[in-house]
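Novice: Straight out of Swiss-Prot:
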type	residues	note
BINDING	Cys265, Cys268, His294, Cys297	Zn(2+) 1 binding site
BINDING	Cys286, Cys289, Cys315	Zn(2+) 2 binding site
BINDING	Cys318, Cys336, Cys339, Cys362, Cys365	Zn(2+) 4 binding site
BINDING	Cys321, Cys324, His344, Cys347	Zn(2+) 3 binding site
REGION	132-164	region 'Disordered'
ZN_FING	190-213	zinc finger
ZN_FING	262-321	zinc finger
ZN_FING	318-368	zinc finger
Amino acid sequence: MAAAVHGALKAVGEDFYRDAIEHCRSYNARLSAERSTRLPFLDAQTGVAQSDCYIWMERSHRGPGLSPGQIYSYPARCWRKKRRLNILEDPRLRPLCDAPQKKELGSAVAEGAVLEALLCAEPPKEPKEEEALLDCQKPPPGDFAHDAEGDEMEDDAPRRKNKAKGKTYGLGAVRKRQDAAALEDRDKPYVCDICGKRYKNRPGLSYHYTHTHLAEEEGEESAERHPLPFQRRNHHKQFYKELNWVPESQRRHAAAAGRRSEGPCDFCVGGAVRRAALGHEEMIACADCGRAGHPSCLQFTLAMAAAARSYRWQCIECKNCSLCGSAENDEQLLFCDDCDRGYHMYCISPPVAEPPEGTWSCHLCLRQLKDKAAAFITLT
């Protein structure tokens with residue numbers, strides 16, 4: 001060993017060898033100090049949770065061996081448990097901590113006495129209020145005769161515990177209903193002005209208008225043309241017609257539509273009313289976005305303008321199918337040349353693959369105008 005060391009000293013020089021030994025010693029000292037202060041971590045390569053194991057000792061900790069063949073022994077590190085806050089050590093907090101335990105102990109003793117009395121087939125001594133409550137909760141004679149003793153053993157204590165909860169049940173139910181109503185108002189912002197039903201999107205509301213209120217109007221017109229032997233019970237609608245009275249919801253809708261149509265025309269930026277070549281001309285407002293335009297700017301005939309004012313007319317940006325209520329696939333929409341309603345080519349009956357040549361009229365205009373419809377005039 002000594003010969004090897006002397007050979008290394010002669011080869012590299014004594015100063016270089018001494019510096020190398022010093023650097024090695026300092027590196028080992030730094031590594032040992034770093035390991036002793038290293039925090040626990042998860043090794044990403046091995047997946048092992050590495051933590052300080054306290055096996056790194058100093059030279060001053062060495063002691064003589066305690067067993068045969070042992071050269072050194074080191075003192076065992078004491079296991080230290082972290083102290084936690086114990087509120088029972090404070091004498092001022094002890095009464096507050098003992099109060100719930102006494103209450104639970106008292107309730108447990110009371111329940112134990114009741115159960116013991118039930119097991120002994122002796123009626124428990126209860127206040128009159130609890131006796132009246134139990135009499136009201138007894139099943140009628142026609143019910144199935146279950147084991148009454150077992151039912152009382154299982155249900156007697158929960159009934160007494162839930163007795164105080166009945167006072168606040170009404171307030172909680174009212175609060176839940178109010179929260180549900182507010183949530184519905186937020187989830188369904190589109191409201192029908194006629195019946196008050198709410199929808200999540202505008203196409204659903206338009207579908208509701210078309211298939212509910214428009215269908216009711218068509219049914220009333222057909223009933224007037226073909227009177228039935230019995231009288232309908234819609235006396236309030238006939239009463240409104242006789243008095244020339246409009247419901248409040250419809251008046252609000254009409255007033256809102258009138259306010260929206262007071263703006264300028266989106267095409268000519270003119271006023272709400274202007275003198276056209278055909279005479280006095282009023283703008284038509286979209287029922288969804290409120291944008292308006294003159295019939296001549298929209299290239300409407302007099303019949304189309306009159307028909308557009310008879311229902312919830314929509315502009316080209318808001319137009320959706322009058323049958324399915326959807327605004328998707330707008331390239332498949334057909335527009336009626338009499339009322340300007342939109343229909344998908346696959347929604348009409350019979351469905352068509354290509355738009356028809358010339359003018360086209362929807363089934364509503366064909367039913368109402370008959371031989372005066374634009375499609376009928378084109379065919380003739």
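Every residue gets a Cβ built from N, Cα and C, even glycine.
Values in this document were obtained by computation on a predicted structure and should not be read as measured data.
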Novice: May I ask which of the binding-site residues Cys315, Cys336, Cys339, Cys347, Cys362 is closest to His294 (Zn(2+) 1 binding site) if we compare their C-alpha atoms?
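Specialist: Minimum Cα distance from His294 (Zn(2+) 1 binding site) across Cys315, Cys336, Cys339, Cys347, Cys362 lands on Cys315.
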Novice: Test of understanding: give the count of other CB atoms lying within 10 angstroms of the CB of Cys336 (Zn(2+) 4 binding site).
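Specialist: For Cys336 (Zn(2+) 4 binding site), the 10 Å Cβ neighbour count is 23.
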Novice: When the Cα-Cα distance from Cys297 (Zn(2+) 1 binding site) is computed for each of the binding-site residues Cys286, Cys318, Cys321, His344, which gives the smallest value?
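Specialist: Sorting the binding-site residues by distance from Cys297 (Zn(2+) 1 binding site), the top entry is Cys286.
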Novice: So, by DSSP, how many helix, strand and coil residues make up the zinc finger (190-213)?
Specialist: 12 helix, 4 strand, 8 coil
Novice: On the three-state reduction of DSSP, what should I expect for Cys321 (Zn(2+) 3 binding site)?
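Specialist: Reduced to three states, the DSSP call for Cys321 (Zn(2+) 3 binding site) is strand.
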Novice: Same chain, not part of Cys321, Cys324, His344, Cys347: whose C-beta falls within 8 angstroms of the C-beta centre of the Zn(2+) 3 site? Give them in sequence order.
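Specialist: Same chain, not in Cys321, Cys324, His344, Cys347, Cβ within 8 Å: Ser322, Leu323, Gly325, Ser326, Gln332, Leu333, Tyr343, Tyr346, Ile348.
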Novice: Within the chain of Cys362 (Zn(2+) 4 binding site), which residues six or more apart in sequence place their C-beta under 8 angstroms from its C-beta?
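Specialist: Listed in sequence order, they are Ser322, Cys336, Asp338, Cys339, Arg341, Tyr343, Ile348.
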Novice: Which Cβ among the binding-site residues (Cys265, Cys268, Cys315, Cys318, Cys321) has the fewest C-beta neighbours inside 10 Å?
Specialist: Cys268
Novice: Any idea what the Cα distance is from Cys268 (Zn(2+) 1 binding site) over to Cys321 (Zn(2+) 3 binding site), rounded to a whole Å?
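Specialist: About 28 Å separates the two Cα atoms.
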Novice: For the Zn(2+) 2 site given as Cys286, Cys289, Cys315, which other residues of the same chain have their Cβ within 8 Å of the site's Cβ centre?
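Specialist: Near the Zn(2+) 2 site, the remaining chain residues are Ala285, Ala287, Asp288, Gly290, Arg291, Ala292, Gln314, Glu317, Cys318.
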Novice: How many Å separate the Cα atoms of Cys324 (Zn(2+) 3 binding site) and Cys365 (Zn(2+) 4 binding site)?
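Specialist: So the Cα of Cys365 (Zn(2+) 4 binding site) lies 18 Å away from that of Cys324 (Zn(2+) 3 binding site).
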